[in-house]
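Novice: As listed in TrEMBL for this protein:
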- 8-224: domain 'CWH43-like N-terminal' (DOMAIN)
- 12-34: transmembrane segment (TRANSMEM)
- 54-73: transmembrane segment (TRANSMEM)
- 94-113: transmembrane segment (TRANSMEM)
- 125-145: transmembrane segment (TRANSMEM)
- 157-183: transmembrane segment (TRANSMEM)
- 195-220: transmembrane segment (TRANSMEM)
Amino acid sequence: MLCFLRGMAFVPFLLVTWSSAAFIISYVVAVLSGHVNPFLPYISDTGTTPPESGIFGFMINFSAFLGAATMYTRYKIVEKQNQTSYFSTPVFNLVSLVLGLVGCIGMGIVANFQELAVPVVHDGGALLAFVCGVVYTLLQSVISYKSCPQWNSLFTCHVRMAISAVSCAAVVPMIACASLISITKLEWNPKEKDYIYHVVSAICEWTVAFGFIFYFLTFIHDFQ
């Protein structure tokens, strides 16, 4: 446990544990309250109805703050490494930070605008969070390869790129299937024509969300 307190390692560690808890607690409360079907609800479905909406909103807002803090710290670390041993143009690192922060803003929108109350705003925030988040991980993976082997091991680079690739592959069908669903609702019947789109989109959404969590887990060693 002490290794997570070395240097700035507590920042990504707290982000990973807090975000995981946000998804799991909201899901458990929503299922136990009978507000969602236990089988593959959207993440947002688990934060739409009270009391889980309050839990979801508070925890995701703090996750967005932790995400921004983690990304900014990562930006400063790469900036310092690049000054010591030049491996990439500083603009590349800056673009990555800006996209990451925009994704965090999207998370804040998702947390504060429930999908059934203001679906257009909620979906716009989700699109920002997922698309910018995926591009952020891709750019950071490229930076990792450029700084290898001095600042990153080849194994870490491969893990980051693998997570980025899976997230990128999942975000496309997630958006495509979600756009084909004709109505936003919490309860689904397997016989409905849009049900298969809902299932595919939900699977991809959970995949991308936990892809982000596992990706930030790889930052802990760097932040030490």
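From the backbone N, Cα and C atoms, a Cβ is placed for every residue, glycine too.
Caution: TrEMBL annotation is automatic and unverified by curators.
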Novice: With the transmembrane segment (12-34) as the reference, which stretch in 125-145, 157-183, 195-220 has the largest tally of C-beta pairs below 8 Å?
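Specialist: Ranked by Cβ pairs under 8 Å, first place goes to 195-220.
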Novice: Relative to the transmembrane segment (195-220), which of 54-73, 94-113, 125-145, 157-183 accounts for the most Cβ pairs at distances under 8 Å?
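Specialist: Between the candidates 54-73, 94-113, 125-145, 157-183, the best contact partner of the transmembrane segment (195-220) is 157-183.
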